[in-house]
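Structure first, then comments.
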Amino acid sequence: MAMLLPQNPSQVHAAAVNGDKNTLHKLITESALRDSEDQFGRTPLMYCVLADRLDCAEVLLKAGAGINKTDHSQRTALHLAAQKGNVRFMKLLLSRHADWRLKDLEEMTPLHLASRHSSSKPLSLLLKHMAPGEVDTQDRNKQTALHWSAFYNHPEHVKLLIKHDSNIGIPDSEGKIPLHWAAHNKHPNATRTVRCILEAAPTESLLNWQDYEGRTPLHFAVADGNEAVVEVLTSYEGCSVTAYDNLFRTPLHWAALLGHAKIVHLLLERNKSGMIPSDSQGATPLHYGAQSNFADTVAVFLKHHSVRDEPDLEGRTAFMWAAGKGSNDVIKIMLDLKKDIDINMTDKYGGTALHAAALSGHVSTVRLLLEQGGMVDPLDVMKHTPLFRACEMGHRDVILTLIKGGARVDLVDIDGHSALHWAALGGNAEVCEVLMENGISPNLQDQAGRTPLQCAAYAGYINCMALLIQHDADPNIQDKEGRTALHWSCNNGYLDAVKLLLGCGAFPNHMEHTEERYTPLDYALLGEHQELTQFLLEHGALSIAAIQDIAASSIQALYKGYKVRRAFRERKKLLMRHEQLRKDAAKKREEERRREAEQQLSFAEAGQKQRVLLAAVGVEKLSLDEAEQRVKDSVAAKGHKHKKSSSAHNSQSRREKPSRAERRTREPETSDAPSIRSLPPVTPMSTKKCPVTREEVCVRETFGPDTGISLNCGSANERRSPAGSSRPGSAKPVHTGTHVAPGHMETTPTPKPRPSTTGAHSKNASQDTPQHNETQTTSKGNKPISEHKPTGSQPSNNTSVTRQKEKRQEKETHREKDKRSRTEGDKQTVREKQKGTGIERAKERLMGRTRKKLAEKEKEKKKDGTCSKNQAAVVIQRAWRRSCVRGRIRKVLCRSLKGVESAEATALLIQLLWEWPVLHDHTHRKPSDVQAPPTRIAGKKSSVLQNIYGAAPSKRGTSLRAAALKTQSQSQSQVLLDLSLRTHKQLSAVECVNLVDSVSQAKQFSYHLRPSSGASQSSQN
């Protein structure tokens, strides 16, 4: 079959185009040549259609040429005939059963192509051969023949298609219906097509149909500026003038933006809402017209009663938009039509119309605003003036205009930037020169410490940097972080800028003030600028690592010198301290020697005094058994009276017993020792108004009741309290018994017949064992109760009296409480009678109970505080009196006694005086302590006094004497050696007495207060 093909198959196409029937008959004898295709895939039949060779087409069709053959565009001969509008060929092809449903590459049928043609005959011919429903066939863009007819503004085609039931509401791929394409035509006859479509369905949904961008047919009509179509569309009541597209723009916005003044007027008149819409930024159509400099359109807006110059969301008015766009005509129109326009009105950020004009660089607008009275230096929120905006953008003419208008060049913004900073940051060398000529310093720093040179170096503006350096800009100024202009140039790798700075004297090794302490070389290394790094190294630049190495070596050298100097100073201090210690040791040894000499001297004087006492006082020697029996009797009497005493006193008595047993074992028995029967009897004491001190008691016990020795009792009635006489009075202690403990009571001797036998003496002694009973009661006014005078027979009488007194006091208190409760009850009943409701009575009862409880609590607190204060005062008075009695006894024994007595009597007196506080200190208790168990107040009293004064002398007497024996054994032994051998044997069980130590111990509990007379006498001694 290939052998039958001619050498040049294009001859068939040429014969078809030229209409050479004879040649065509000859060539188409071969079947392969009937449908031969050229380079476009077209057959001879297609060329016949294109060349309008109907006879040749008939020849080809009779010869059997393919009628539905397609070219490379998938178009058939019918497509070409419909496109050409050749009705004859269309009839021929349709009569030969050509398929009109075939689509080309754009999915267009011959119907779509026929709708493009101005004649409606090809379209009507095709419609005759179509079945119902096939008229709305869509192409690739989802468009029907009606879309194409409306687009090409063929009203007859539209009517014909609508007559054949074409759907007018089918959207294409852009969401547009045929009405959109009909309105989107600038031809005045487009109104016919629009009317044809609207007459078919004049609905509101069709009028306001929005495509996929939200635009209605009115948007397209306004955009094309077709006033006739706009008038036709707006003539229908359902047409919306304020419909928003996806950009929130209405047809009125598009009319103002494009400057269609007539359409604007028409839309304003057809706007039934009476409100001017705004877009997504709050801009009104007036803003759009003002920025486009359409003075006529703006005039139409301003003349309409519903239009106002409202600001947008940023606070900018249409006047500001016009100034920013340089619309001088609009500015003039607005100033003429709106006399109330404020030229200096500010937006949300404080900007004015002059700011906008200066930023845009419109010199004429700036000049016009200044002529109309605009402020030359208004400040926005960033404290920028119009001059700052012009310098930032580099508008030299605007800057000169503003400076001539009086703009200040010395102002700075909120960050401390001057106009020169902004000009340098923009690289505007000419503007920088103008500003420096007007007095701005090139070394002015902002709040971060940056200069205009650093701003220019940051962007690498060489010309600006050179100009600043020519005007004496310092390249070595550092900002607050330590960076210089060289840092910024190296950071961005500007080699030319680095060369310029180093050539102008910039120091290459400035370090940052941050933790990294980077230098310009470090910035170049971090940015991997190799050429710049090499250049810096050649000019002596160092990195922070190299600088740290150099600094480390210098610091090490300095530290070595410092260590040597410090070692020398420490050695010097050590030698000086050694010398000082040696001097202190020598001084201490000298003081110890002097102290030892003084102690030996004092011990010698004490021994001499004791020898005088032993020689002066003559008392028969006591036997060891009788002395021990006497001590046991006193201890037994003490235990009988104080059964419920504290465990501390019992432990102390137990510690004293073994010591006495040891003395009994060590004491040698002598045959010629006098018995205790030969001693004078101990006379009992009775309390009087004039108290007798311990000195008088001791003297009368030694020399008898008839002795003529008398002591001064002038200050006996005085109240000896460490707190002074200003303290409120407390209960006076009352004591009974014969033996007197120092500072616990004041007694006077009562003469009694001296017994002749030892048994009587021991009996009296056992009966008259000192029982110190203290009765301390406080009345309402803290006045002391009258003293109780005991008979001195037995302790039970005292306790019974105190119990009776306590019972009386309790009865009195109960009576007082009953009286108070009765009076309060009477008052309460009166109040209840006055009150009307039961609720108020219940409230009053509750309040009364709470008041009673509070009053009782306050009374108990006051009573406890008063008792504790009185008890503390009594104990302090006892300690004070004890110290005074001991001092006076010592003075009496040293001064008044001059007789010579036996050493045994002296030893006995010393023993009695020494053991008296130990034996009878536990008996000084309140009667309540004997009759009832101790209360909380007593425990608090002892703990409080122990915290104030330490342990009682009676409790720690044994420990003090043991310490004294241990530390001063040599001195005491030296004193006792001076006694006779017989006396030494009898006194071996008696502890050594040091009256000076006793007085010093007493001083610890009396605040070192002594009577003036006693102090003067002691100083004289």
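Counting starts with 1 at the first residue shown.
Cβ atoms here come from the backbone N, Cα and C positions, even for glycine.
Swiss-Prot annotations:
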type     : residues : note
REPEAT   : 40-69    : repeat 'ANK 2'
REPEAT   : 73-102   : repeat 'ANK 3'
REPEAT   : 106-137  : repeat 'ANK 4'
REPEAT   : 141-170  : repeat 'ANK 5'
REPEAT   : 174-206  : repeat 'ANK 6'
REPEAT   : 213-243  : repeat 'ANK 7'
REPEAT   : 281-310  : repeat 'ANK 9'
REPEAT   : 349-378  : repeat 'ANK 11'
REPEAT   : 382-411  : repeat 'ANK 12'
REPEAT   : 415-444  : repeat 'ANK 13'
REPEAT   : 448-477  : repeat 'ANK 14'
REPEAT   : 481-510  : repeat 'ANK 15'
DOMAIN   : 548-577  : domain 'IQ 1'
COMPBIAS : 579-598  : compositional bias 'Basic and acidic residues'
COMPBIAS : 653-669  : compositional bias 'Basic and acidic residues'
COMPBIAS : 759-781  : compositional bias 'Polar residues'
COMPBIAS : 791-802  : compositional bias 'Polar residues'
COMPBIAS : 803-866  : compositional bias 'Basic and acidic residues'
MOTIF    : 862-870  : motif 'D-box 2'
DOMAIN   : 869-898  : domain 'IQ 2'
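DSSP places the residues of the repeat 'ANK 4' (106-137) in helix, strand and coil in these numbers: 15 helix, 0 strand, 17 coil. Within the chain, the repeat 'ANK 12' (382-411) has long-range Cβ neighbours (under 8 A, six or more residues past its boundaries) at 349-350, 352, 354-355, 357-359, 361-363, 366-367, 370, 376, 417-420, 422-423, 425-428, 430-431, 434-435, 438-440. Summed and averaged per residue, pLDDT over the motif 'D-box 2' (862-870) gives 81.
When each of 106-137, 174-206, 481-510 is checked for Cβ pairs under 8 Å to the repeat 'ANK 7' (213-243), 174-206 comes out on top. With DSSP states grouped into helix (H, G, I), strand (E, B) and coil, the repeat 'ANK 3' (73-102) comes out at 17 helix, 0 strand, 13 coil. When Cβ-Cβ distances below 8 Å are used as the criterion, the repeat 'ANK 11' (349-378) is approached by residues 314-316, 319-328, 331-332, 335, 343, 384-387, 389-390, 392-393, 395, 397-398, 401-402, 405-408, 411 of the same chain, each at least six residues removed from its ends.
Secondary structure counts, DSSP: the repeat 'ANK 9' (281-310) has 16 helix, 0 strand, 14 coil.
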